[in-house]
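Sequence annotations record features per position, and here TrEMBL assigns active site, proton donor to D246. What TrEMBL lists as substrate binding site is R58, G59, A60, R98, Q205, N256, K257. The feature site 'Transition state stabilizer' is assigned by TrEMBL to C166.
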Amino acid sequence: MTTTPKPSQERAIGTVAIRWHGSSLELLDQRLLPGEEHWITLEGAAGVAQSIRDMVVRGAPAIGISAAYGVALAARHAGGGDWKAEIKQAIRELAASRPTAVNLFWALQRMERIFHACHSLDEAVKRLASEARAIHEEDLAANFAMADHALEFIGAEAPFSVLTHCNTGALATGGYGTALGVVRRLHEEKLLADVYADETRPWLQGGRLTAWELSRDGIPVTLNADGAAAAIMARKDVRLVIVGADRITANGDVVNKIGTYSLAVLARHHKVGFMVVAPSSTVDMATASGADVAIEERDGIEIREIRGIGLAPEGINVFNPVFDVTPASLIDAIVTEKGVVHNPNITGMQALFG
Ligand SMILES: CSC[C@@H](O)[C@@H](O)C(=O)COP(=O)(O)O
């Protein structure tokens, strides 16, 4: 049995990177794109945790979905002895894979609740697989709903251009995308002139993934170096910056790919709108502000080298945080499947998320 969620409406969902087969999980190796489309087959939670850590799969919602399937695999392949201990260990391992995107912990908590309610391994195998599929399907549905809300909020009558950062498309989600879902929807409605895609150093999610995903689906895209964003805004080429999120805290601060904060500062200076699009699984009302979020720092080699080719003096000291915090005050709208928080602050966030 292969599960790829079916769109509830007749919308193309883009190139998805996660395929569930009941006893195995396939992940499209995003490290090799756009050069090579290689799928990795996994039969255990350890492999899924490793794939999240190594960025085979990335993007907050896709990480959460993959981790959920990882727990389902742990049950499916449990030895039968102390199956509870095996599943608990799998959850611990998955939780340690990456620290920042809250979707990972949200998905694992959902899986853990189901696990605690199971009385036998048979029951756990069935119910954990079905919960993981539900998480996957709900994410796709949320992406459609967010695109609809965003379009209504934008209220455009003529085509305009947007600028985006990182990759927030089908590859990063259960399909369609968050910020790129809005882009897809604008394109479907013939309201999209062009998408400027920041290349997004150092992993180049914009250059390798967003440019690939959009051009493959016939959506206009222009790739730019991250440093060109100010010049693009100064030329008045874009009306809106649209980005995703890895965690949105109770006061409306947004933790997202490094460089997002700079874009928000630039957008405010140039009077360009700044919109964040993320499912409610990215909202973390238990964390007061962005200052309380653990920001992942990755190895300096990601800055010093590209695919083994040196770009900087060997061993040079590097600061490589992979996310930053955009203060709520720089954000015009946070769009979720539950609705839009306009000029986010703690009151607006509480009104929608409790
Ligand atoms: C819909 S994806 C939203 C975010 O997860 C995305 O913008 C991002 O920062 C991804 O970071 P990554 O390090 O590639 O996992």
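Just so you know, glycine gets a Cβ as well, placed from its N, Cα and C.
Just so you know, TrEMBL annotations never went through curation; they're auto-generated.
Features as recorded by TrEMBL, highlighted on the structure.
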residue: R58; record: substrate binding site; CB count, 10 Å: 25
residue: G59; record: substrate binding site; CB count, 10 Å: 29
residue: A60; record: substrate binding site; CB count, 10 Å: 29
residue: R98; record: substrate binding site; CB count, 10 Å: 21
residue: C166; record: site 'Transition state stabilizer'; CB count, 10 Å: 30
residue: Q205; record: substrate binding site; CB count, 10 Å: 27
residue: D246; record: active site, proton donor; CB count, 10 Å: 29
residue: N256; record: substrate binding site; CB count, 10 Å: 30
residue: K257; record: substrate binding site; CB count, 10 Å: 27
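Secondary structure at D246 (active site, proton donor), taken from DSSP and collapsed to helix, strand or coil, is coil. Q205 (substrate binding site) sits 5 Å from C166 (site 'Transition state stabilizer'), taking the CA atoms of both as reference points. Whole-number maximum of the Cα to Cα distances across the substrate-binding residues R58, G59, A60, R98, Q205, N256, K257: 17 angstrom. Proximity to ligand 1 (Cβ under 6 Å from any of its atoms) holds for these binding-site residues out of A60, R98, K257: A60, K257. Look at C166 (site 'Transition state stabilizer'): DSSP puts it in coil.
Only N256, from the recorded positions R98, C166, N256, place their Cα within 10 Å of the Cα belonging to D246 (active site, proton donor). Between the C-alpha atoms of A60 (substrate binding site) and C166 (site 'Transition state stabilizer'), the distance comes to 12 Å. Secondary structure from DSSP puts Q205 (substrate binding site) in a helix. C166 (site 'Transition state stabilizer') is 9 Å away from N256 (substrate binding site) when you measure Cα to Cα. For C166 (site 'Transition state stabilizer'), the nearest of the binding-site residues R58, G59, R98, K257 in terms of C-alpha separation is K257. DSSP classifies G59 (substrate binding site) as coil under the three-state reduction.
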